[in-house]
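As recorded in TrEMBL:
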ACT_SITE  B:Glu58  active site, proton donor
BINDING   B:His56, B:Cys86, B:Cys89  Zn(2+) binding site
DOMAIN    B:5-114  domain 'CMP/dCMP-type deaminase'
Number of protein chains: 2
Amino acid sequence: MIEPFDDTYFMKKALNEAEIAFEKGEIPVGAVIVIDNKVIARGHNLTEQLNDVTAHAEMQAITAAANFLGGKYLKGCTLYVTLEPCQMCAGALYWSQISKVVYGARDLERGCINLKTKLHPKTTMEGGVLEEEASSLLKRFFVMKRNLN
Amino acid sequence: MIEPFDDTYFMKKALNEAEIAFEKGEIPVGAVIVIDNKVIARGHNLTEQLNDVTAHAEMQAITAAANFLGGKYLKGCTLYVTLEPCQMCAGALYWSQISKVVYGARDLERGCINLKTKLHPKTTMEGGVLEEEASSLLKRFFVMKRNLN
């Protein structure tokens, strides 16, 4: 049987969010949160528009998912995010006790893996899903920004 | 000359916020952000009321301060917070490039010091200001919660 709802399917939804950020002139990172194969929250980076360093895609998705579920813990949920989470977002994921985190591209400098941010023991993390797409969108954004300045 | 605006003065403002959290049944942590001896933002923990793990005192104060300043970087600002920031809040402080962080009580298990969260190179941090007051408010809260359950 073909399973239509796999990691690639949901990462594409996160990439759609990243593209919306791109169009708004934001660093293009997008996220969705999924439970039982349903998207219950979406978010894209809005740090420029909101003038707020905390407005990362993941933070907004975490808040929206908790709002949808009516409880602050995201047990049974999976976060799909186009870029490896930073310390702040990984710290928020720690508190949420989310079951799984799937990211696209690595962030070697500011990502939670190399900075060793602690995740909750109940959380598993994997990466590399649609990595090329996520990474090339980011590269396009920074090339465009450089040419504008 | 007596300096009325010292770390103790502003930490008392943060403790006031923590007491408001206490009265709402929230883990009592409070924060203020100060620039040029003026409080420009306040926040207290609202994770229960908002059903949101990201609603820590510091996160709300960072968002409010950026809103007040009209820019997302908190250069020249000092955060006073009654409890050592967690990974999420320290991660947000990293992005904000805030000049100084002053905390009250240590958080040995979930605080950013032992978990080695990276702060911005422009940020200095010190602790222990009104530590006893901050710590005893937290202890009172957890004793009360235990007795209620």
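Cβ coordinates come from backbone N, Cα and C, glycine included.
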- Message: Excluding near sequence neighbours, so keeping only residues 6 or more apart in the same chain, what lies with its CB under 8 A of B:Cys86 (Zn(2+) binding site)?
- Response: B:His56, B:Asp107, B:Arg110, B:Gly111, B:Cys112, B:Leu115
- Which of these recorded positions, B:Glu58, B:Cys86, B:Cys89, are close to chain A by Cβ (under 8 Å)? B:Cys86, B:Cys89
- Query: Per DSSP, B:His56 (Zn(2+) binding site) is which: helix, strand or coil?
  - Reply: coil
- Rounded to a whole number of Å, the separation of the Cα atoms of B:Cys89 (Zn(2+) binding site) and B:Glu58 (active site, proton donor) comes to 6
- Message: I'd like the Cβ neighbour count for B:His56 (Zn(2+) binding site), meaning other Cβ atoms within 10 Å of its Cβ, all protein chains included.
- Response: 28
- Please report the number of other Cβ atoms within 10 Å of the Cβ of B:Cys89 (Zn(2+) binding site). 31
